[in-house]
2 protein chains.
Amino acid sequence: MGWGDLGAFGEPSKETPNLDQMAAEGMLFLDFYTASPLCSPSRAALLTGRLPVRNGFYTTNGHARNAYTAQDVVGGIPDSELLLPELLKKAGYTNKIIGKWHLGHRPQFHPLRHGFDEWFGSPNCHFGPYDSRERPNIPVYRDWEMIGRYYEDFHIDLKTGEANLTQLYLQEALDFISKQQASQQPFFLYWAIDATHAPVYASKQFLGTSQRGLYGDAVREIDDSVGRIVKHLQKLGISENTFVFFTSDNGAALISAPTQGGSNGPFLCGKQTTFEGGMREPAIAWWPGHIPAGGVSHQLGSVMDLFSTSLSLAGLQPPSDRHIDGLDLSPVLLQGKLLDRPIFYYRGNELMAVRAGLYKAHYWTWSNSWEEHGKGIDFCPGQSVAGVTTHSQEEHTYLPLLFHLGRDPGEKYPLSFTSEEYLQAVEHISGLVQQHKATLVPGQPQLNVCDQAVMNWSPPGCEKLGKCLKAPESDPKKCSWPH
Amino acid sequence: MGWGDLGAFGEPSKETPNLDQMAAEGMLFLDFYTASPLCSPSRAALLTGRLPVRNGFYTTNGHARNAYTAQDVVGGIPDSELLLPELLKKAGYTNKIIGKWHLGHRPQFHPLRHGFDEWFGSPNCHFGPYDSRERPNIPVYRDWEMIGRYYEDFHIDLKTGEANLTQLYLQEALDFISKQQASQQPFFLYWAIDATHAPVYASKQFLGTSQRGLYGDAVREIDDSVGRIVKHLQKLGISENTFVFFTSDNGAALISAPTQGGSNGPFLCGKQTTFEGGMREPAIAWWPGHIPAGGVSHQLGSVMDLFSTSLSLAGLQPPSDRHIDGLDLSPVLLQGKLLDRPIFYYRGNELMAVRAGLYKAHYWTWSNSWEEHGKGIDFCPGQSVAGVTTHSQEEHTYLPLLFHLGRDPGEKYPLSFTSEEYLQAVEHISGLVQQHKATLVPGQPQLNVCDQAVMNWSPPGCEKLGKCLKAPESDPKKCSWPH
């Protein structure tokens, strides 16, 4: 989902009454970022509070490439990483993930081995359908075991766009919350639905309800679902005791537009890029009685802050044996403070850009290669800024491209290299970069090796369902990451 | 000002608390349009309820050209046109214009000859400063007479961007409202300030207050001023008896970006074009006790509707001897109805595009000429949609380019000419076009002839001030309109 997909963020159809209401009752973050313009690294960062370059969710197979846990990827979340649910357990929390995990699908990466107590969802995206010979369909798990596969047992009609998955995920959320409330046990619910990801789907009752086509139908269903979850908390009388945060893992995928792609509002380009459209996210915090209603924050925030903030609100300390990139936003949420901090925009293991205050310095620019672009893959459709949305990897290390995101949120007008404003801002940002790089210890890259043999051929539980498939011989290769 | 310039419309700095509050207390229009992507024709349309092609505010000197009442333009609002204030007079209204008139600067076009009772402001834009030999500075009038000139008596510091004009216009508005309330007389106030037009200015107390630079400072001052006007109505106890509408005369001028240009949100291009960025406007209706708070309307609206709606609210009938393009929006405002009507996008006397429902058909596309573009004049900076943002005038009369503005608000993906959806929508829109053209009687074009002699050399009152300048010999020529 993109920054511009909610009514509260200026989507012209304004079809998200529940999320808009949540913003009106809570705090709207206008400058909130993901840690990567792609799903897996972004989610790994959220759950570890650490940049993908630290937690291993990147590739070194190519320069500045986005990578994720495709089915044949061998790696996943390292055991050495401490995930938010692992830490929350110490404070008695029951942790559940509903939806897409995306931190590795091999047994050692299973979410219940990394702090979650319950799972209903899938390890990968709902790509498919596959033929079960070349490639298995993605499994859907309940806790330790697979209970079926997408397209086979959990239907997605690619022709009509109909699938009831969001409803299943919603019901699971409501049930979990009810159970926790009944047993008076604290809980962490990671509601990681995979709508609005392409292939886009929505439940029957939402199909055709949006002005925006199928993508808009999916947004409406998400909006409705979030509304139901929030109302459920209120009905159960635990809303003043439950911190709720809504955000997205990367900007809208413009390659799927117009019927399957969302909106990044006035920002440049989309998913896969380190322009604002790829990494600035819609974000809403809600906690009645604690976060004042109608707040709007310009705090530079990150999905990694959800790690630190959640720990803080649970009365826990973050681990002290490693670098944590997340900030504790509770002073922002509860006292309206503004914390000074930069935002680092990575693509793979390359620091592409840095934002400090309203200035953003690009050290590398790239949308995608001419070769990919020639195949019709366009991360910036209808947009073209000379020297910025480049199709070759352009280095600006010694003379960064600098934008003022207040005057120029669309990153169209680089500041003059000789202006006083440029010199001062770049000097400041260069200092932050030096500091950042000096202490950076990259993790072991997890997304370099691919092997057909590690795909979801025979997930645990497949025997009971008669759904085990025969894996091919192991043949590890370097993964290919074109973007 | 552009659609995307207000927080309520998704401007990422969200610096318009008063206008956002006005929207929260009133009705937000998301699909509201001007009648021309340029100032004079738009304002003529607002005050007459008629398209510029009918009221004469267009040129035939070139095909599909924007024109306005530059200082040397001979024409202006014809006597045969009936303006809103002329009609409101019949119901006992006192009418005041504060700010830019732009419907002609020669004596016969004076606003007090066209229904206004009072005027404080100027006949043209605040371009300048001029040398008084080649070109006079623009006069500022109080009622019938000039009381000074921009840059000479009403300072605009182009270096710092400081000018207190909006404050003068604000005070004038507050005083007028107080006077009318005291005398218990109904009033029509046309508060037509000329900020945020380039050269952009703001008062000292607003300079540097915005994240968005000088343009944002001007927006903040407008926001603050509107807030004061609205609070003044409340303080005087007449807010439930006063209909207030906020909108703009054209999309943000992107040629002035980034320091002097605004935002058209997710829409294509800006001022001067018939893409959404040029003609879709921010719009807010406010009338406590009558318009329900928090309303959001997808009514296709037009500045021309303000003519018809104001008459209706004043209990008056629109003239029956001419075609009125404006609709009475009171059922929309008061009962939340949706009225079916198309939007016609004109550039000069050419019907460039038509919107019906969510479909928009382009009959002609053009941003500006290669020649102008080569000079650095870019109405679509950073945006480029092949075959759409063309630099030659492209005719699509027999096969219109069709966009679905719900799925594709940015006008990036023309529908396939062979799709059923295309055929049905174009058939419907073609019918509307035929109907429109069949009954269209173009007015006498007012913006064809230019003459240095008609400039503001010696406006009435200049003698008292010793500010009369000598006009050159009359030398009427065809005006040149490059866009």
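Glycine is treated like the rest: Cβ placed from N, Cα and C.
Within the same chain, residues at least 6 positions away in sequence whose Cβ sits under 8 Å from that of A:C39 (active site, nucleophile) are A:Y68, A:K100, A:H102, A:C125, A:H197, A:D249, A:N250. The active site, nucleophile annotation in TrEMBL covers A:C39.
Classification of A:C39 (active site, nucleophile) by DSSP places it within a helix. Positions annotated as 3-oxoalanine (Cys) by TrEMBL: A:C39.
Sequence annotations record features per position, and here TrEMBL assigns Ca(2+) binding site to A:C39, A:D249, A:N250. Every protein chain considered, the tally of other Cβ atoms within 10 Å of the Cβ of A:D249 (Ca(2+) binding site) stands at 25.
Under the heading active site, TrEMBL lists A:H102.
Here TrEMBL flags A:N164 as N-linked glycosylation site. In the shown protein chains, 18 other C-beta atoms lie within 10 A of the C-beta of A:N164 (N-linked glycosylation site).
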Cβ-centroid neighbours of Ca(2+) site A:C39, A:D249, A:N250, 8 Å, sequence order: A:T34, A:S36, A:P37, A:L38, A:S40, A:P41, A:S42, A:R43, A:S248, A:K271
Recorded positions (A:C39, A:H102, A:N164, A:D249, A:N250) in Cβ proximity to chain B, threshold under 8 Å: none
A:H102 (active site): tally of other CB atoms within 10 A of its CB: 27
